[in-house]
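> Reproduced below are the annotations present in TrEMBL:
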TRANSMEM  A:13-34  transmembrane segment
TRANSMEM  A:46-69  transmembrane segment
TRANSMEM  A:89-116  transmembrane segment
TRANSMEM  A:128-145  transmembrane segment
TRANSMEM  A:165-186  transmembrane segment
TRANSMEM  A:214-234  transmembrane segment
TRANSMEM  A:246-264  transmembrane segment
TRANSMEM  A:271-291  transmembrane segment
TRANSMEM  A:297-316  transmembrane segment
Amino acid sequence: MKKWKAFKGKWELSLVLFLIIEIIMFGLINPRFLKIKVLMNSANDFVTVAIIALFMTLVIITGGIDISMGSVVGLSSVVMGLLWQELGFNIWFALSIAIIVGALCGAFNGFLVGYVGVQAMVATLGTSFLYAGISLVIIGFSGISPAEGITGFPDSFRALGHGKLFGVPSSLIIFGLLIIIAYILLHKTTYGRRVYLTGINKEAAEFSGIKTKLVILSTHMLVGIGAAISGMYITSYLSSSRADHGATLTLSVITAVVLGGTAITGGEGSIVGTALASVIIGLMTLGLQMTGLSTQFVGIGIGLLLVISVAIKSSLGEGNLFSNIKRKIKSNNG
Amino acid sequence: MTIIKRIFEKREITALAFLIILFLGVGLRNPDFMNTQSISTVLKGSVLYIFLAVGMTFVLLTGGIDVSVGATLGISAAISASMIRDGSSVVLSILLAIAIGLIIGLINGIGVAIIKVPAIIMTLGVLGITRGTMIVYTNGKWVENLPDSFKVASQANLGGLNFYFILAVIIVALVQLYFSRGKTGRFFAAIGDNVEGSILVGIPVKKITVIAYVASGFCASVAGVIFASQVGFVTSNTGLDIEMVAIAACVLGGVSLSGGIGSVIGASIGAIIMTAINSALIFLKVPSFWNKSIQGSLLILIVVSDVLIHKYFQDKARKQRLSARSSFVGGDK
Amino acid sequence: MSEKKSLIRLNEIYKSFADNEVLKGTSLELSEGEIVAIIGGNGAGKSTLMKIIMGIYPLDRGEIYIEDKKINMSSPSVALEKGIYLVPQEPLLFPNMTVEENVVIGFNQNKSELGEKLRNLIKQLGWNISLSRKAATLSIAEQQLVEILRGLLREARILILDEPTSTLTFNEIQSFFKLMKDLQAKGIGMFYITHRLTEVFEIATDVVILRDGEITINGPVSDFTKEMLIKGLMPDSVENVKEDLENDLVGNKEDLVLKVDSLSGYGFHDISFSVYEGEILGLAGVVGSGRTELAEAIFGMGEITGGDVLLDGKSIKGYKTKEIIDLGLNYVPEDRHLNGIFSMADVRLNTTSAILSRISKVFINHRKEKEITQKYIDDFRIKVTGQDQSLKSLSGGNQQKVVIGRILSSNPKVIILDEPTRGIDAGARGDVYKIIYQLKKLGLAILLISSDFEEIYELSDRAEVMYHGTNHVALSKEEITMDILTLAAFGA
């Protein structure tokens, strides 16, 4: 038990260590990997995952999960593209509405989970169909080819994904900014405190007068906003608005959060951990590509990271079934 | 309310009723939907989902979930298809594909039951690994040009019914029989219903949980082989997101995602509904892009009403219990 | 002992959890056709003893003999094999399975044979229970019957019944007793755990009283009177914390703070009482008497079907928990682990969880948070290595002090303490009592809910006794004695 505690305290430290080893390893295989520019540009690829993962951390801390974010990414992208192209909205106005749509999608998830009491997994499975379906319906009515999507965005919008400030790519700036926002939100505000308390013991939180349903709803809403921001970024970066932009994000996002030290059962986790894990996953993607391996190894790598990191934690942790039952019997003892 | 409760306890029947109403309703608008050809197309199309849903039911009953089945389907399809294309024996190829499915299931099962990785995480990780491995194996290329003999099997009919569909019906019947009559059949649902109770009556919880995931892997690999035979080629996207459809089918058919409730018959009807909605749209001349949002809305509607009804009765039972306690005064004087 | 065949004999059983010694050399015997009633307060060790018999807990020291053969009771399956079956207080059925499935699951025999056997058994017992009903639809009484059927079908010779009547109605109890007598006639031995003394005389052949892990009374029921049993339940010497502290008391009973007026809800009905400033009102009652349901309803977490709750003359009925806390009423919940503490979080997070919006607007004011936390650590002498020590690593007593600190940090006028010393060792108990007296001196109105009558006796200025959901006995300070409390709470 003591060993585990010491280990847990150093989880973020071990992530940093892992990151350094990763960089050195890929650097040895391909020295080009170590160029600052290359490293910085890698953010272009992983930021879509990272943005969502930062907010997903909050949902998972409350003990929930959201698997509909991929669909929300696509939906927000489609909504923005259509408002701009078909209805002639100002691009930034269209973008704002798309983010509101993301927030509403998240809020609906949160309503189902927090207020109706549907399991988070089931609720977001259903809405994942629904949101993806709505994107398809919108596209279907507009008569746009789903394969090509909407293209031809103005340069000002494309700068969102391709611009640079003092030589730093926009993706890295967005990532940094959102880390700060999420960090302050979770670790410095009373709201973040309520998120933790809800995740650690929902009942006790209720007895402390915390509105846990509202807390749960709001965390899902944040993921919705995160997914929409991610959708905006990817739309700009690829210069095309499509429904399937977020199709394969789920695995990476959940891996980033869990690898970052957030317990899937809720109650613990940190933004720094998630951010570090996102970078680890991002660099692994880049590194594997640069070593000439097919990109498909990335999926294997991420999958292994996920399973191994959780397996290590759960075999060391006390949350396994047997000890839980023992504890339950013990607490009934009277 | 008790009638509603009864009906919701027999979710296979509500699901079946829904399916019939779907056919009748759409049939009113377009009678072609009710002819044998259309029905047999729906049934044929649902075979894949039936297999996946049957395997998924094993896992869901224990209170777990398996999101890796799409990838398992993909890799089994790719392996069997490429081996058959390259001239290996059909039987050997199929057996190998199924062995792969069993191994993937075993890994999932050990991870969940013994190492105690939460099911969603374990199977999500295995999903990534399996899909990556599949694409490495195929080099990201399509597996095409399968021998006609292999493809023709999917067209085979027995008494007007598709051969694979008959196979699916037989499997469903056998599993249903096992769940209701077999000695260990009820153990799966027992674990999902009350783990502590299961341990106290001596159910080997770990072993049964592992078996559930192995069964899921097995079914997914069989579905993979059938896919290869039905479609005739395997792309790198084969099986992508199909696990979601399988889970949705189970939920539609009354399998509870919190474990303990459900039957393979219900899950199979759910699988047929998922396919039927698709065809119904075609016959209604509604663009197929409506498909996903209809499936999603239906799913949400069902889970929400399930939760609300369950809550209502639970609350009522609790109140009755408490009232019974307090209304009795001085009785044991 | 008797000429009847001995079914099970326990010899000098010792069992500790962490540093809490629950059983201190307990010896017990059960013979054919005996019903041994086991009574004792919360934490006396009854359930632990039964779980040791069932192989759920390993024992530290001692021996178990079944039919005079020494047995190593290592797991529930060994116990089942030896013909022991525990009917738990809350039945562990599979809610989504039918009665039949619930009974026959886990057997290795042919299902249809088992079904036949089960039907014969039910016919033999003359019961009327539908085998095809789902367990979730059964009443608690029926669920208990199913549990017993499980035991009987396994041909259990020894049944352990853990407070089976606590959730039953009068008629259900009568038919349940009839069943017990039938089983007794068949030679089955039963351990019968109960809180109700009247039942002991009605059904048991022998009686055993456990107190603090030791047996104080053991023998045939006919050897005892109710008064003797009550005496056996009471401690040898009531500790004199009371007198030390009583000297400081200021007895002003002027301002009415909390008034509960014919309050009804699920689990309690027509409850009325008042709590004044600087006063401790004890609310005594056994588990299941509706105390906690009442407290939660007052605290805005349960449904109120009638009556009113007035805080400072203002109705708080229908208010949300947060509003009630802000108006000056706070609650220390009964189940500390389930509702009281955030075990993964540290002392600071726990202490301030109910006042987040008061100490900070948006950003957490860490300085203020630390000050408040330190204040309670110092005031209550909470033993911690620092404010960042996690709650799960604290002892029960220190955890409870943190919870009380959290409640006080909200500046309440009234606090409800629900079983404040459950699962806490003797030393820490004294500390908690001192804290409660401190609060009283500060002028707080305190509602002390407890099934530990010694606690009510020591601390309360007045007491109400709850029994089956109503408070039918009100006691002034002079009237509070252990005898009266025990009698009233056991419905006598």
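Cβ from N, Cα, C; glycine included.
Note that this is a predicted model, so its numbers are computed, not measured.
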> Are there at least 3 C-beta pairs under 8 angstroms linking the transmembrane segment (A:46-69) and the transmembrane segment (A:271-291), leaving out pairs fewer than 6 apart in sequence?
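The transmembrane segment (A:46-69) and the transmembrane segment (A:271-291): touching, yes.
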> Short question: which residues 6 or more past the ends of the transmembrane segment (A:165-186) have a Cβ under 8 Å from it?
40-41, 43-44, 47, 50-51, 54-55, 57-58, 61, 159, 192, 195-196, 222, 226, 229, 233, 237, 270-272, 275, 278
> Counting Cβ pairs closer than 8 Å, which of A:46-69, A:128-145, A:214-234, A:246-264 has the most of them with the transmembrane segment (A:89-116)?
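It is A:214-234 that shares the most Cβ pairs under 8 Å with the transmembrane segment (A:89-116).
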> Is the transmembrane segment (A:128-145) in contact with the transmembrane segment (A:246-264), using three or more Cβ pairs under 8 angstroms as the rule and ignoring pairs under 6 apart in sequence?
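Since fewer than 3 Cβ pairs under 8 Å link them, the transmembrane segment (A:246-264) and the transmembrane segment (A:128-145) do not come into contact.
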> For the transmembrane segment (A:214-234), what are the same-chain contacts with Cβ under 8 Å, counting residues 6+ beyond its ends?
47-49, 51-52, 54-56, 58-59, 61-62, 64, 66, 69-70, 72-77, 80, 95, 98-99, 101-107, 109-111, 113-115, 160-161, 171, 174, 178, 185, 191, 194-195, 198, 205, 245-246, 249
